[in-house]
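Q: Sharing a structure with you now.
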Amino acid sequence: MSVIGSDNRNLRLGVRYLVLILIALIFVLPLLFMVMSSFKPSDELLRDTSSLRAFLPVGQLSLDNYTGAFERAPVGLFVFNSIFVTGTTVLLSLVICSLAGFSFVFLQWRGRDVMLSIILATFIVPFETIAIPLLLEVSKLPWLGLDGLSWGWLDSYRVQIIPWIADGLTIFLFVQYFKGLPGELIEAARVEGASWFQIYRRVVIPLSGPVIATAAILKFLIMYNQYLWPLIVVQQEQYRPVMVGLQYFFQLNPAWGEIMAYLTLITVPVLAFYLVLQKAFIASIASTGVKG
Amino acid sequence: MKLLNVTAGAVIAATGFCSAAFATTDLTMWYHGAGNKVESKIVNQIIDDFNKSQSDYKVALQSFPQNSYNDSVTAAALAGNLPDILDMDGPIMPNWTWSGYLQPLPIPEDHFKDFLPGTKGVYDGKLYSIGLWDAAVALYARKSTMKELGLRTPTLDKPWTKDEFMSALEAAKKSGKFDYAIDLGMSDKGEWYPYAFLPFLQSFGGGLVNRETYDTAEGVLNGDAAIAWGNWWQSLFADKLAPGTSQDPAAHETGFIDGKYAFSWNGNWNAVKTMDKVDDVEFLPAPDFGNGSKIGGASWQFGISASSTAPEGAAEFIKFATQDKYLAEFSDALGLIPATKSAAQMTKNYKTGGPLAVFYGLSEAQAEKRPVTPGYVVDSKVFQKAAADIADGADVIDTLDSATDQINADIKRNDGYKKN
């Protein structure tokens, strides 16, 4: 009886692993195809798409596509721009949105609930619908820089950063997480005479690792994948991010090998960022699941 | 003291005069060739040459990726940030003119009298843009295949008739040697559809919109000729003569070269690459479906933005860039059809007897511009969908009626695209 039970358990485990492996393959194979293809000449790459060779390091492998990608476009500049814009936005976003979330959860002020509702309502407004009005707005905004006062934010890093610092989703994440923190901690800190900012900095933020990681990863992905906004507000190559740079490779005859090499290169920062934060990210997902 | 004042005044006046006399006007220029190393090199060379050739104007280039170029220009126009000189794909010129992005070239049209018709962007009787090259489509075939199938080689003077063309496709199919008789490039969604396939419709006697009035598509896109085109078009896919809209892009890239397709309806920009891999490739003119052989015309062209404060300088640059030596240089580097016959003679491919000389003849004799109307940006999308739907088996009459209604509605919505 116990042997049969053990067999059943093993069978169930086997099936479970098989299903998990199949699901993992669905996500891994495109990445594998991208990396393998980045070492193949374009015509061979296209021929291999009809067979399993597409996922294998076979054929004429070389680094030519990587050399070609760097010759075709200033890849380093695009990666730097994206990382700079993304990194700055993520950092500022974490500060601003967590402060906003803190005020919505812990502070009492008139119009708080209405304001939160309005912010949450921005979820349903697709960015495409406000892109043009926002473009017109930023093209006329003043800026006080080292060169003095100037008008218009186009062709700059700030135009890619500032409009994206605060967003409804990130504020919502912080609000939800802060609501789950023990109220006694906040009350104790108040009794001890801590100011609201001290409570934010010394009590709430140290307890918010998982939500910070989640918000950082989501914001990172949104910012790193930016295409439409930089396309319309940046005309100078020196400020272009990686996704606009991808278009350099789509000529009348797309350079497929170089496209795969470029995609491989620009995927590295995303993977690195995720790997650094993955433990906290998984902890956040897990804690959300427990609460649910 | 008086002498000192006079001297100082003279120095100031002279300095002012000199700075005025030697003042250089900066011109900005946008170009669609970012990522195209060869094209960028030539454009930069032209700009360098121009900047060195005189001291009145200095052109600074900003290159954009082709795929997103139109969006960038439209956004810049909205933000009031257009450059002095910009290039554009020929068919979009009327829309940009109508939208107020462009001003007429301050260059007499006579200056470009030797240019291929497809390179001149004329709208409302005025020249708004000029191209350094044109593009053309031809029927790629192998001489060996033609011989094997016993087919007559069509010429510009005597192209294949519809019957001859269909017999050639049937013969290729019956030979059993090919996956499909012809590759039309159906995987290449986008502007390729109207550029490559609209000439078929025109050769049948139909069209996208009434070219006399540009105020309706009625009777043109859904008339008898258009329906005949639609039925013929659908039969190509129903009879398995050509791969349909689900064609693998990879097969389109390499299919003709690999021998999977007997013929390929393809552009001159792929000719050099194909010649390198297919020894006996030849380029045949479009079939005549009853109203003459036709192919699409008009490629990228230079224009001057309406907001330019130095149009005369921009015009100087455009005149400089359209010299034969640069037309020839572009052609040799990119395989494009040079805009003038004299430039063609300076090229390795398009000179008399050159391997691609046939394309110059095709462009000169058969090229027909896509409808010269601001509404083309919508018409183009409507045609793309209709051609794809019919290829996929949709009812021909219903599809063409619906496309006609959409184009008419757009014209009405924009108050007939009346000139501003």
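Positions of Cβ are set from backbone N, Cα and C atoms, glycine also.
Pulled from TrEMBL, these are the listed features:
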TRANSMEM  A:17-39  transmembrane segment
DOMAIN    A:79-277  domain 'ABC transmembrane type-1'
TRANSMEM  A:83-107  transmembrane segment
TRANSMEM  A:114-136  transmembrane segment
TRANSMEM  A:156-178  transmembrane segment
TRANSMEM  A:199-222  transmembrane segment
TRANSMEM  A:259-277  transmembrane segment
Q: What else in the chain is close to the transmembrane segment (A:259-277), if you only count residues 6 or more beyond its ends and a Cβ gap under 8 Å?
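A: Same-chain contacts beyond the ends: 31, 34-35, 37-38, 45, 65-66, 68-69, 73, 75, 78-79, 82-83, 213, 216-217, 220-221, 224, 242, 245-246, 249-250.
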Q: Same-chain Cβ contacts of the transmembrane segment (A:156-178) under 8 Å, 6 or more residues past its ends?
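A: Those are 81, 84-85, 88-89, 92-94, 96-98, 100-102, 104-106, 116, 119-123, 134, 138, 143, 204, 208, 210-211, 214-215, 218-219, 222-223, 226, 229-230, 233-234, 239, 241, in sequence order.
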Q: Residue list, the transmembrane segment (A:17-39) vs rest of chain: Cβ under 8 Å, 6 or more residues beyond ends.
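A: The answer is 45, 48, 54-57, 61-63, 65-66, 256-257, 260-261, 263-264, 267.
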